[in-house]
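Got these off TrEMBL a minute ago, pasting:
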| type | residues | note |
| --- | --- | --- |
| BINDING | A:27-31, A:H93, A:R131, A:182-186, A:213-218 | ATP binding site |
| COMPBIAS | A:367-381 | compositional bias 'Basic and acidic residues' |
| DOMAIN | A:24-260 | domain 'Phosphagen kinase C-terminal' |
| REGION | A:357-381 | region 'Disordered' |
2 protein chains.
Amino acid sequence: MSLKNTLQSPYSQWMEDDAPESDVVISSRARLARSLAGYPFPHRLSPEQAEQVIQAVSLAVRNAEFRTRFGDVELVRMTELSPVDRWILVEKHLISPGFLKNTGSSFEYKGLVLTPDEQLSIMVNEEDHLRIQCLFPGLQLEAAARTADEADSLLEKTLDFAFSDRIGYLTACPTNVGTGLRASVMVHLPGLVLLGQVKEVLTTVSRLGLTVRGLFGEGTDAVGNLFQVSNQVTLGHRESEITGNLASVTRQVIEQERSARQQLVRQMPVVMRDRVGRALGILKHAHTLGVEEAMRLISDVRLGVMAGLLKGPPSRVLLELMVITRPSYLVRVSGRELSPPEWDELRATLVRELVNAHSGEHPGAQDGRDTGRRPEEKKKI
Amino acid sequence: MSLKNTLQSPYSQWMEDDAPESDVVISSRARLARSLAGYPFPHRLSPEQAEQVIQAVSLAVRNAEFRTRFGDVELVRMTELSPVDRWILVEKHLISPGFLKNTGSSFEYKGLVLTPDEQLSIMVNEEDHLRIQCLFPGLQLEAAARTADEADSLLEKTLDFAFSDRIGYLTACPTNVGTGLRASVMVHLPGLVLLGQVKEVLTTVSRLGLTVRGLFGEGTDAVGNLFQVSNQVTLGHRESEITGNLASVTRQVIEQERSARQQLVRQMPVVMRDRVGRALGILKHAHTLGVEEAMRLISDVRLGVMAGLLKGPPSRVLLELMVITRPSYLVRVSGRELSPPEWDELRATLVRELVNAHSGEHPGAQDGRDTGRRPEEKKKI
């Protein structure tokens with residue numbers, strides 16, 4: 001999948017639903033912060049230096065060994081992408097929201113390397129010169145960290161990373177010094193939210209040295225009952241400790257969420273069936289949908305499918321829906337800026353088509369209107 | 001269709017949806033009040049006299065001419081029916097709620113004659129000795145009145161009705177004296193309700209000498225945006241005046257409702273599509289449904305189908321649904337008394353099955369449960 005495909009499809013490989021523990025864990029991410037020796041950190045780079053960093057990484061990913069492992073990748077400058085396309089990358093969790101804002105160097109010197117399978121992305125001149133990120137479906141922290149390490153090693157054949165024998169890799173922010181590794185998982189906790197236990201569980205998680213954030217990272221809300229859990233400290237810990245600790249805490253959260261779902265199904269089967277059924281019914285038939293309502297309904301349907309209450313669309317389609325409902329994807333589909341009511345209408349149309357295409361019900365069959373497009377066609381672009 | 005079939009199926013012929021003006025008018029009813037000469041009115045009958053009335057009517061409907069016209073009908077005593085079955089007849093609008101309560105003679109002497117097509121029903125010893133009622137789909141007041149007249153004439157070959165040359169037929173309540181005719185239509189006015197104009201329209205209707213009531217007659221609410229409009233006065237008017245006046249006012253109400261629907265669709269197409277679509281989605285997927293919510297949703301879907309916003313179940317299925325959602329039908333299906341949560345669950349199950357059977361979507365396909373019964377099978381009993 002080329003970058004163009006990445007931008008046109010709401011689907012990403014990290015949405016696959018046959019991954020380990022994917023009933024609760026949506027995705028696992030490992031991110032390494034790396035700095036080039038001899039250069040100031042991005043926010044202090046001169047334009048010439050920033051350009052040199054871009055060139056150095058661009059060259060490094062064209063290295064034969066790197067290409068053998070990760071495919072024919074190219075560095076794309078963010079200025080080559082439209083504002084909408086940049087936000088789509090954020091909404092697909094392939095770059096950080098901060099990358100489009102004020103972190104790191106000025107915008108002209110920010111670049112992105114993305115592998116065709118979207119598993120590996122490298123942000124250049126974000127807060128650090130390089131942010132090497134691997135994103136895997138389900139609970140696969142070790143695989144993600146291992147892949148990030150591979151990329152790191154292959155890049156190091158060309159690039160000279162700033163490293164101190166005493167404290168490890170040097171990074172712009174002290175919290176990343178050491179391994180430079182931030183590991184995180186995105187978990188779906190509708191059961192704990194419904195039982196009113198999520199705050200308690202996540203407070204415990206925080207006490208274990210982990211950070212809990214909303215869907216799009218720091219300072220964002222946990223829409224759709226999705227939470228990101230990540231390690232806080234990198235200094236003084238080995239990589240395997242970091243991923244191992246996070247994986248171990250995540251396994252506890254998984255058990256608590258599963259137990260919450262079982263309790264809900266056991267104690268109030270009709271209420272639960274009703275809740276998730278209505279959510280599916282509305283997604284299939286609404287003609288105007290706000291983003292928050294859409295995320296709530298998608299979360300309910302995912303809970304229903306995972307808890308065996310509902311034969312709805314598979315999880316990967318539901319995760320695609322979560323991308324589809326975001327503003328940038330809607331703007332891309334429509335090809336122009338939209339008013340809020342238009343957004344809500346287009347969102348409902350796209351959601352209806354995709355859900356009906358995956359529910360054995362013809363999208364045009366129930367409503368007096370058909371856009372003439374098949375969601376399946378869009379996906380195959 | 002025998003009385004047994006009538007009691008087992010939620011469908012009645014008056015629900016047919018290819019009838020005149022059936023987008024707004026559900027059904028037309030003509031009811032004649034008749035008293036047997038030489039007997040006190042039902043509330044003053046002795047047991048012996050009440051039994052004589054029953055016998056007289058029972059004999060009259062076995063008259064050969066009557067049978068040639070109306071089929072092989074028999075008088076059924078209300079004591080032969082279970083309480084649930086009696087209420088199902090009310091919910092199908094084939095007998096009045098008052099017939100099961102305190103009007104007319106004591107319960108043992110109340111009888112019912114119902115033709116196989118359910119078009120003609122005769123209540124014996126309701127408020128009057130005979131209430132001859134004809135129920136037709138759509139706006140067919142003249143046809144209903146004509147059929148009631150035919151029944152009246154054929155019965156009069158055997159029975160001696162109390163009649164005064166000066167004031168006409170004598171009845172227990174002075175409001176029925178004269179022709180004894182009460183003509184009524186059941187109209188579905190969701191457009192006027194949504195626009196907030198229904199009160200104004202119905203106030204005007206009242207000023208024209210007509211009465212507006214809820215779904216089950218006097219003192220009941222207009223659930224499902226259904227209203228009954230009928231003539232108030234019978235004395236001093238010819239039958240044709242009564243039906244003509246009601247038909248003429250009804251035509252005005254039809255135009256106002258159609259105009260309201262057009263206005264809603266024109267001015268807020270997305271909101272309307274969304275409203276009716278969500279209603280259909282919930283009916284297809286809910287697992288617990290209160291009677292009021294069910295009626296509201298059915299009304300919304302009917303509006304959507306009639307206004308061309310939705311390809312949903314046909315109107316006759318929606319009218320069946322309105323019967324299905326009533327408590328007595330649910331008790332009949334379940335075969336026992338139910339708790340309120342059980343009612344709501346069974347109601348949702350029956351609604352889901354019938355709606356999905358008429359939406360090209362397999363009822364079991366979307367939900368993790370299937371009762372194993374096909375609504376189509378139930379209908380063909």
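Any Cβ shown, glycine's included, is placed from N, Cα and C.
On a predicted model such as this, the values are computed, not experimentally measured, just so you know.
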Taking the domain 'Phosphagen kinase C-terminal' (A:24-260) alone, what is its mean pLDDT?
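Per the prediction, mean pLDDT sits at 90 for the domain 'Phosphagen kinase C-terminal' (A:24-260).
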Under DSSP, is A:S184 (ATP binding site) helix, strand or coil?
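In three-state terms, A:S184 (ATP binding site) counts as strand.
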Taking the Cβ of A:R131 (ATP binding site) as centre, how many other Cβ atoms lie within 10 Å?
27
State the count of C-beta atoms found within 10 angstroms of the C-beta of A:R213 (ATP binding site), not counting that atom itself.
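Within a 10 Å radius of the Cβ of A:R213 (ATP binding site) lie 18 other Cβ atoms.
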Please work out the number of neighbouring Cβ atoms within 10 Å of the Cβ of A:A30 (ATP binding site), leaving out its own Cβ.
27
Counting only residues 6+ away in sequence within the same chain, which have a CB under 8 Å from the CB of A:S27 (ATP binding site)?
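A:W14, A:M15, A:H93, A:L135, A:F136, A:P137, A:G138, A:V185, A:M186 - these are the non-local Cβ neighbours of A:S27 (ATP binding site), listed in sequence order.
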Can you give me the same-chain residues 6 or more apart in sequence from A:S184 (ATP binding site) with a CB-CB distance under 8 Å?
A:S28, A:R29, A:R31, A:Q228, A:V229, A:S230, A:N231, A:L246
